[in-house]
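Visitor: Just dropping this structure here.
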Amino acid sequence: MDNIIRFSVSLPSQLLDELDKKVSEQGYASRSEFTRDLIREKIVNDSWKDAKEELIGVLTLIYVHHQNDLINKMMDIEHDADVTIICTNHVHVDHHNCLETITLRGEAAKIEHFSDRIAGLKGVKFAKLTKAAVPKF
């Protein structure tokens, strides 16, 4: 691990109260741990802007599995994808709805394009792309 450098941050008291509440609710050992996670998250999100290196994304979907031809359209998009599909996980939520996660690897723009194509299909009720990258720090 790198050397830890201490620095100070000035916050309005109300914001500090909210910070302390989040630290406690989420079980962080300290404000520093919480702050480090926030900084890492910001760096990862910013790394997606115009990134050309290989990144990771997880597309979470909820869809109606009885929707006409939805599964076939999803499969066509997956098979034609310009990204690597690392794995998929399928859960039957109830008789009508399925939850699926698709773990993707590739360039940011290509992952986002893939996700947008799937999310736009009729019968997809919810779609969220979680952006990830292996921090270089």
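Including glycine, each Cβ sits where the backbone N, Cα and C put it.
So Swiss-Prot lists the following for this protein:
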BINDING   H79, H90, H92, C98  Ni(2+) binding site
Visitor: Report the same-chain neighbours of H90 (Ni(2+) binding site): residues 6+ apart in sequence with Cβ closer than 8 Å to its Cβ, ordered by sequence.
Guide: C98, L99, E100
Visitor: Can you give me the same-chain residues 6 or more apart in sequence from H92 (Ni(2+) binding site) with a CB-CB distance under 8 Å?
Guide: H65, C98
Visitor: DSSP three-state call for H92 (Ni(2+) binding site): helix, strand or coil?
Guide: strand
